[in-house]
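J.: Please read through the structure below; I'll follow up with questions.
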Amino acid sequence: MVIEKIWFHRHPLGYLLWPLLWPFSVLFGVISRSRRKAYQTGDKPSYRAPLPVVVVGNITAGGNGKTPVVVWLVETLQNLGYRPGVVSRGYGAKAPSYPLVVNEQTPAQHCGDEPKLIFQRTKAPVAVDPVRSQAVKALLEHGVNVIVTDDGLQHYALQRDIEIAVVDGVRRFGNQELIPLGPLREPVSRLDEVDFIITNGGVAKANEIAMRLQPTDAVNLKTGERCAVSKLTRLCAMAGIGHPSRFFNTLRELNADLVHCQGFADHQAFDAAQLNQLAQQGAHLIMTEKDAVKCAEFAQPNWWYLPVSAQFAPEAEQRIVDKIKEVMEPYGSPSA
């Protein structure tokens, strides 16, 4: 996409569009700062949940690897004996009504690809609502004792106890300009206020926690069969995520026999005819797990997805766990 080249690769068109886009970036900054201040001062009401809230988000537009962090966090909380629930706005989806609590039968087009993936991976209660406080209230009926929000760092209408920002360690912050001139939702200085900065790939800085996405074997969408990526011949790869090239590079690192790579927009909806035509360019079609939740109902026998999991150094993982325990302590024991 041209806009990504302008944001992250200093495309010449960016210099031509600068006079046009810069005033809108200034306006965006003024509005976002005044909006946040209104919540901080109480001029706008914010919701304080009766249980701890952990926000996982970012300061840039596009995918940074938040969802694997949310999955890791939920599984970690479950292993500690807590009962986490996840809230999301369900970006790119439209539910018949809100709040929507995700279950096995909920189609991804109603809840969103990321909430569906999180539910399938963790089996934790997941509630979707553009108004996140309403999603939290829906989860209170499901016996949860800690809330994890998928995205929502800028959703100041919901108060939080811990903020985790995920940064793309390769692309970082691009030209460091606010939307629409650059990718930033908030200035880079906003990261000085969060509890943890997790860097996905690249080289983590001194105040950041390095994360790597660890892939497993490919999984067949129809049968659930597992197979090493290197054993699948003539792969056609597709990715409808914020940074498709990251997925394709992961496949190359696994010695995949790639014959074609096709990137799509993040959260893009797919249909059977579109992907059947794409799959004809190879012997097998492989996609991200996030794409797979949208394609399962019309999947073909030669379609696969590649699960990935967030991994941290043990000491970094312990830092996050210790902070969670500290915040959770006033609310009682995990079984309370």
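Cβ coordinates are placed from backbone N, Cα and C, and glycine is handled just like the others.
Pasting the relevant annotations from Swiss-Prot:
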{"type": "BINDING", "residues": "Thr60, Ala61, Gly62, Gly63, Asn64, Gly65, Lys66, Thr67", "note": "ATP binding site"}
J.: Per residue, counting other C-beta atoms within 10 angstroms of the C-beta, which of the binding-site residues Gly62, Gly63, Gly65 reaches the highest number?
T.: Gly65
J.: If you skip the near sequence neighbours and keep only those at least six away, which residues in the chain come within under 8 angstroms of Lys66 (ATP binding site), Cβ to Cβ?
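T.: Expected: Val56, Gly57, Asn58, Glu114, Asp150, Asp151, Val166.
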J.: Using a Cβ-Cβ cut-off under 8 angstroms and a sequence gap of six or more, which residues of the chain neighbour Ala61 (ATP binding site)?
T.: Ile179, Pro183, Leu184, Arg185
J.: Starting from the ATP site formed by Thr60, Ala61, Gly62, Gly63, Asn64, Gly65, Lys66, Thr67, give every other residue of that chain whose CB sits within 8 Å of the mean position of their CB atoms, in sequence order.
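T.: The surrounding set, listed in chain order, is Asn58, Val166, Asp168, Gly242, His243.
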J.: When a 10 Å sphere is centred on the Cβ of Asn64 (ATP binding site), how many other Cβ atoms does it contain?
T.: 24
J.: What is the Cβ neighbour count of Thr60 (ATP binding site) at a 10 Å cut-off, with all protein chains included?
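T.: Cβ-Cβ neighbours of Thr60 (ATP binding site) within 10 Å number 26.
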J.: Are there any residues at least 6 positions away along the chain from Thr67 (ATP binding site) with a Cβ closer than 8 Å to its Cβ? List them or say none.
T.: Glu114, Leu117, Ile118, Asp150, Lys290
